[in-house]
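Data block below; observations after.
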Amino acid sequence: MPNPERKLALTNLGIAYTAFIVGTLCGLLQVFIRNDALQLPAWLDYYQILTAHGVLLALIFTTFFIFGFFQSGMSRTLGAFGPKVVFWNWVGLIITATGTVMATVMIVSGEASVLYTFYAPMMANGFFYVGLALFVVGTWVQSFALAGHYLVWRKENKGEKSPLFAYMTVATIILWIIACLGVVAAVLFQFIPWAFGWKESINVELSRSLFWYFGHPLVYFWLLPAYIGWYVIVPKIIGGKVFSDSLARLSFILFILFSIPVGFHHQLTEPGIASFWKFLQTILTFMVIVPSLMTAFSMFAVFETRGRELGGKGLFGWFRKLPWKDVRFTSIFIAMLFFIPGGAGGIINASFQMNEVIHNTLWVVGHFHITVGTPVAMTFFGITFWLIPFLTKRVFTKALQRLALIQIITWSIGMVLMSTAQHVLGLFGAPRRTAYTGYQHEDALAWFEGIISNHVTMAVGGSILFLSASLLIFIVVQLAWFAPMAESATQETFPIAESDARETPGILENWKVWIGVALVLIAVAYTIPVADMIQHAPPGSGGFRTW
Ligand code: HEM
Ligand SMILES: [Cu+2]
């Protein structure tokens, strides 16, 4: 791979892992503060740390990692970038980084403790929102640069289907751009004028709905790149092939269609949205189970086929034949296992009535640590183990591989402890996003008398997690600067599985059709309720600083 792409991708990954270590340190502080084991100095606030944790991990770590992964994969599968593609990727990266710095400075200086969902009427310093806007615009520029590279390839290869990696990248980019329209509208037309004092009040309901129009597909923006790892990378690592090219492409299309018109499932307890629209969006939410199970099915089909090729006999003999010692595979396999309870929990969250039980409790925190915090994050770790050495032309040595295995195992143990405790505490009723847990009340104190739900489990889990995160950073630094140089850097160390696209229907790559269908679904799910929110808007709210 040419050096410009290597530099681009490494810069993105470097920023991602810087955000990662600071973000996980905040996580460590949180578990101790919540348990009253740590008192913060007067100049530091729990909600400031929690905002940093959410923004650094859920927005910054994920996004920078994803673009680094996309840039390297697009160059690997479609060929070297032209000078324009390289230039615009840099422009986008610099804008994204500028936005990141701006938002981070605001959080650190205590001007924006509004949590990563920045719900109105809490009001941060206007420059926090400007930072967010720049962040999104920068990702768009990088997205358009990658889409441009893809379009050039298609022009030069008329009639051919694009490589699966590139196809999936374009699908993810389309999802991201459509999703961001909501948050960009809210930030530009509502938050910025309001925070700078040009407008006195904000339509709270509308701002939250625009946020969640973005916030739900955001989780698919994290998940789809992980799925690229599952569909395209893992089969090659274990020596197999993509199970079905058309199934893989169809599942990505379905994710675009069913992940956007569903944001109301985060607002089920909010007044001001008629239950009919909540119900409609709940049904659309459940449609996403279809491509999710398609993904699970095809992954296990790949595993079983390969295990049998390697001589596995009987019902489960193939399972033992899989290359468990290869941490590039084991990491992602464990990530998939975490997604089973993660996905099941998601169905509970999205269910109209059951949401009532878990809404805003620690259950939700338990949920997203076994969805984005492990299946997505650990897939990214697994990709990091070969991607950084590929980019730096170094060797992922045996010693580092052993450390990586320890890292994966400790992350899993820490997460099982922390997330199970959070799920259980949430069922008892413990709220999320609070700096304290006891409320000086015996009922609340009784939550912590269980084996899992005591004060210690979450803190022990969180501490193991932070140790694991530090170990990961040690491995990343070794792979970036200190591991021995490879004698010959081959494309092979960037695993891309063979995928037979001959039978794949051409319509799956007709983006106009799918963007059209997505927009129709969005219009059906949102037009009337959003028009309602604007037409029958209450007086609106001024800004509040709750910290
Ligand atoms: C060392 C590892 C980690 C620890 C100890 C940790 C701990 C926590 C805790 C205790 C909370 C809940 C705080 C509260 O509601 O009061 C939380 C929230 C959160 N965590 Fe983590 N976490 C870790 C890693 C991650 C990772 C890797 C991600 C995502 C990639 C993540 C994403 C989030 C998000 C989005 C929130 C919600 C923030 C909010 O409510 O505004 N965490 N974390
Ligand atoms: Cu959602």
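Keep in mind that glycine also has a Cβ here, set from the backbone N, Cα and C atoms.
Under the heading domain 'Cytochrome oxidase subunit I profile', TrEMBL lists 17-508. Under the heading transmembrane segment, TrEMBL lists 12-33, 53-73, 85-107, 127-152, 164-192, 246-264, 276-303, 329-348, 368-391, 403-425, 464-483, 511-531 (among others).
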Can you tell me which of 85-107, 127-152, 164-192, 403-425, 464-483 gets the most C-beta pairs within less than 8 Å of the transmembrane segment (53-73)?
85-107
Among 85-107, 246-264, 329-348, 403-425, 464-483, which stretch has the most Cβ pairs under 8 Å to the transmembrane segment (368-391)?
329-348
Mean of pLDDT values spanning the domain 'Cytochrome oxidase subunit I profile' (17-508):
95
